[in-house]
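> Once you've had a glance at the structure underneath, I'll fire off some questions.
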Amino acid sequence: MRGRHVDAYSAYKRVTSRDAEAYDREEDSAEQLLSGKDLGNPSWRRSFPHMLVAALSSFLFGYHLGVVNETLDSISLDLGFSGNPFAKGLVVSTCLGAAFVGSLFSGWILDGVGHRRAFQLCALPMIIGASMSATTHSLWGMILGRIFVGTGMGIGPPVAALYVSEISPAFVRGTFGSVTQIATCLGLMGALFIGLPSKDIVGWWRVCFWVSTVPAAVLAICMEFCAESPHWLFKRGRGTEAEAEFEKLLGGAHVKFAMAELSKSERGDELETVKFSELLYGRHFKMVFIGSTIFALQQLSGINAVFYFSSTVFKSFGVPSDIANVCVGVANLSGSIVAMILMDKLGRRVLLLGSFTGMAVSMSLQVSGASSYTSGSGALSLSVGGMLLFVLMFSLGAGPVPSLLLSEILPSRIRAKAMAVCMAVHWVVNFFVGLFFLPLLEKIGPQLLYTIFGIFCVLAVIFVKRNVVETKGKSLQEIEIALIPPQ
């Protein structure tokens, strides 16, 4: 009898031990699911079409930046202001001024209506403005159209940067972020090639503006079918919808892990308004300062002065402006493609350091080319070669990295508004560099001016080395937890 009790007890022990082992296995698999172990990386193909649609806003940004380069003379002749340099300046500068306003309000628009509607609000003024510019018969009609277009241009870049970073899997976020820079290059080059017949065909500049309404309309329509950012939905307390969007973007197997990651740094009820003062001091100030400074140094490196006035340098050596623009465009596009390939391999910080260092070296070549000790073919090689190398080095890091890096390091709660402030700093510095470049060039000469640009490139290297951390391969939540001190 006692032997039976012993056997029963032994059997009970074996059963309970098997149950405990099974429970432990289930618990381990649940932990692995939430930690993302054994899941591997989600397929990039799911989020790829959503990213491509968002990149249309960057294409439009580049197109409208370049559309008046080849057509401005034809426009001024048709609208009767060909002998008025101030009027020509207005056609260009009003667009930049409106872009500043659009970028400043982009964060509040994004937080209020979400990414998809923000993209549509970016496309709408571009369609209206381009249509007005294409049909106008007066200078003021052209200026009003450019104001509408500029507003859309200001909204687009920060919204695109944030959207792409929030829908992309961490292992390809840098690559996807670089596509927006490539789209901008393609927009610039597209505007250049479409504008070439404007010198020979009367009224062709109107076609150039009409063409831009097509990608803008495609952007507005396709955004109806794209995923909303799960981060924005979760922040608004719409967790179920966030899960559905994660399933669209990453696949069902990765939804629980993605939601668990999201819960680490965000509450699902963060509807309180972010005050402007929160961006200027306190625990978030450092991130906003880093972002604004990188954008300021990007512009103070002289890149837009090179873009705007490269044809003047080429002309001084007898090179036609259309060939100059093609050379600059090819250098920009080539560097952007290489940056896309390297972004998730070498990382953002390495590309930024290498880019600004290369830009400083390129500026030193241009300083040598402008020297009185250099003449003839030597001056041509140094000036033109230095300029093309400068554009190439810029597109390898200083061009694509800042907006991507900011979308990664800014905490979710203030991300949209802080990005808007940093982009506004970019537009202000851009405006003043463009405003003072020619007067300074005449007053102090190219040698000293290019030396100043080179010094800013060196300062950028020092700043990046001291303040920028690597973010490749990390989720947005991991970056936020690592960078932001607890309250």
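Glycine is treated like the rest: Cβ placed from N, Cα and C.
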> Taking 116-133, 350-367 as the choices, which stretch does TrEMBL tie to transmembrane segment?
350-367
> Using a threshold of three or more Cβ pairs below 8 Å, and leaving out pairs closer than 6 in sequence, do the transmembrane segment (418-441) and the transmembrane segment (86-109) count as in contact?
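Stretch pair touches.
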> So, taking each listed stretch (203-226, 287-311, 350-367, 387-406, 418-441) in turn and counting its Cβ pairs to the transmembrane segment (447-464) that are under 8 angstroms, which one gives the highest count?
350-367
> Can you tell me which parts of the same chain pack against the transmembrane segment (203-226), counting only residues 6+ beyond its ends and a CB-CB cutoff under 8 A?
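Here the qualifying positions are 49-50, 53-54, 56-57, 59-60, 63-64, 67, 71, 74-75, 78, 116, 119-120, 122-124, 126-127, 130-131, 133-135, 145, 152, 191, 194-195, 197.
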